[in-house]
Amino acid sequence: MAYPFQLGFQDATSPIMEELLHFHDHTLMIVFLISSLVLYIITLMLTTKLTHTSTMDAQEVETVWTILPAIILILIALPSLRILYMMDEVNNPSLTVKTMGHQWYWSYEYTDYEDLSFDSYMIPTSDLKPGELRLLEVDNRVILPMEMTIRMLVSSEDVLHSWAVPSLGLKTDAIPGRLNQTTLMSTRPGLFYGQCSEICGSNHSFMPIVLELVPLEIFEKWSASML
């Protein structure tokens, strides 16, 4: 999860988030090299006393500064498209959970079970226990099995919302009348926090998301106790 004065991303918990971190580093290195080259050229132009005022045409230079940016853009676009298609791919999910956005809480329904659904509200600051996080804790966590492909169906009952969990690389818009889907898979157990990421009204800041990823045996015991 995030911590105060954090400069980087949250620790990756899913294969998608790991790919996004690699892509970020890849793109940042390209930007760093381009910035260094531009800074070097500017410094050279400001410090050199040599001038060349008779140059009217330079086909070679124009060819290079046309082709080189195109190659750089391709090197950025290809891995980006690969990750984009990976995020849209849904292959034989082991579990499907439907989440609906409301003003201002989330409701969840485990569609593979006959009657397993609940609402998830933020716990008010006055009711927090020692060690719990302000504006991030909820009364009902979403319990999910780790190391399994899970399909999330996301929609809204009223206005636009956005269901986002950064450490899993998830951010899916909740749109009234439309059902969006995304997949998640956690490589380790733990608590993972998110929030509504679309301005949805006066209490937009009070719509936290808490996923608790557990081993399959614990998930089965929990689901049996909820039925």
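Indices start at 1 and increase along the chain as displayed.
Each Cβ is built from the backbone N, Cα and C atoms, and glycine gets one as well.
Copied from Swiss-Prot, the annotated features are:
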- 1-14: topological domain 'Mitochondrial intermembrane' (TOPO_DOM)
- 15-45: transmembrane segment (TRANSMEM)
- 46-59: topological domain 'Mitochondrial matrix' (TOPO_DOM)
- 60-87: transmembrane segment (TRANSMEM)
- 88-227: topological domain 'Mitochondrial intermembrane' (TOPO_DOM)
- His161, Cys196, Cys200, Met207: Cu cation A1 binding site (BINDING)
- Cys196, Glu198, Cys200, His204: Cu cation A2 binding site (BINDING)
- Glu198: Mg(2+) binding site (BINDING)
(request) Count the other Cβ atoms sitting within 10 Å of the Cβ of His204 (Cu cation A2 binding site), across every protein chain shown. (result) 16
(request) For the recorded Cu cation A1 site formed by His161, Cys196, Cys200, Met207, name the remaining residues of the chain with Cβ within 8 Å of the site's Cβ center, in chain order. (result) Gly101, Gln103, Trp104, Trp106, Ser162, Ala174, Gln195, Ser197, Glu198, Gly201, His204
(message) Give me the count of other Cβ atoms within 10 A of the Cβ belonging to Cys196 (Cu cation A1 binding site).
(response) 25
(message) What's the number of neighbouring CB atoms sitting within 10 A of the CB on His161 (Cu cation A1 binding site)?
(response) 30
(request) May I ask for the residues of the chain that lie six or more residues beyond the topological domain 'Mitochondrial intermembrane' (1-14) and have a Cβ under 8 Å from a Cβ within it? (result) 20-21, 24, 166-170, 184-188, 190-193, 213
(message) Please report the distance from the Cα of His204 (Cu cation A2 binding site) to the Cα of Cys196 (Cu cation A1 binding site), rounded to the nearest angstrom.
(response) 7
(message) Within 10 Å of its Cβ, which one of these binding-site residues (Cys200, Met207) has the largest number of other Cβ atoms?
(response) Met207
(request) Output, ordered by sequence, the same-chain residues six or more apart from Glu198 (Cu cation A2 binding site) with a CB under 8 Å from its CB, or 'none'. (result) Leu160, His161, Ser162, Asp173, Ala174, His204
